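Student: Below is a structure I'd like to ask you about.
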């Protein structure tokens, strides 16, 4: 199978940098696109990104730039920005000339807003002719950067595209599986952050290991509920057993290295919850996703008790 000649990663945060490291270990021509000039110089000359990844050394062949005018020349462009910035990022890349010749791999997890919809649906409007894939898995940024073993699912409506991306990214420490179920992979990637908030709350309440295990079971049911109404799991539910769904869900819910689990835990133990929510500065994707998932629950009249419970505490309850 053919290799991509060169690969771009757009997004210089913790996940973007660590994902670029994964790709650079398997491909020679990899460039990280970012905005911060200080971090750019650090990556180029010291091969670190201390702000996001501490003193972890990045691959020596990893290049970096702030010059978006050249991104159109890359065969594969990996998008690794927060969900709230996703649509603006795609619109920006369009102004720099990306075309149907560029394959996109979306590593962002969440929904597009105004209106609330899957990222794939928004991409169908913004870039209808581009080959598109989606990546999700149990991938904590610092562990990726350290080259510790993990796995990921890669989805595309064109299985040949998914397989080509997987072929380019896979290594002994980064294994992949492929699927055409782009809907379930996206739904799981967005909802797992909400479930992780619930996991953190339960941990603070000392609910025990049994309760957290049952949370995983209930979470998979709610992923199934939303996925099916959005067009996922039309033939089977095997995708639930893959790295990008149950693997990512378990990691996010069980690790305090997860920002969402940490947020849920700290929220629950805080004495002044209004103040906590008002002053919490770290990006929590689950908190952002809540507002959007509630729109979908209302639109399709869905029963999703975990999401509704977390929303009643965090988003639409007395703590707003």
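In case you wondered, yes, glycine gets a Cβ from its N, Cα and C as well.
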Student: According to Swiss-Prot, 109, 192, 248, 258, 259, 260 bind sn-glycerol 3-phosphate; identify which of 54, 133, 137 is listed for that same site.
Tutor: 137
Student: Starting from the Cβ of residue 192 (sn-glycerol 3-phosphate binding site), draw a 10 Å sphere and report how many other Cβ atoms land inside it.
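Tutor: Step by step: centre on the Cβ of residue 192 (sn-glycerol 3-phosphate binding site), count other Cβ atoms within 10 Å, giving 31.
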Student: Just jot down the residues in the same chain as residue 14 (NADPH binding site), at least 6 apart in sequence, with C-beta under 8 A of its C-beta; none if empty.
Tutor: 49, 52, 53, 141, 142
Student: Nearest to residue 15 (NADPH binding site) by Cα, among 137, 192, 248 (binding-site residues)?
Tutor: 137
Student: Around the C-beta of residue 141 (NADPH binding site), how many further C-beta atoms are within 10 angstroms, looking at every protein chain?
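Tutor: The answer is 21 other Cβ atoms.
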Student: Among the binding-site residues 137, 192, 248, 258, 260, which ones place their C-alpha within 10 angstroms of the C-alpha of residue 283 (NADPH binding site)?
Tutor: 260
Student: Among residues 109, 137, 192, 248, 258, 259, 260 annotated as binding sn-glycerol 3-phosphate, what is the maximum Cα-Cα distance? Answer in Å.
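Tutor: Of all Cα pairs among the recorded sn-glycerol 3-phosphate binders, the widest measures 16 Å.
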Student: Go through 35, 109, 259, our binding-site residues, and report the one whose Cβ sees the most other Cβ atoms within 10 Å.
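Tutor: Answer returned by the neighbour count: 109.
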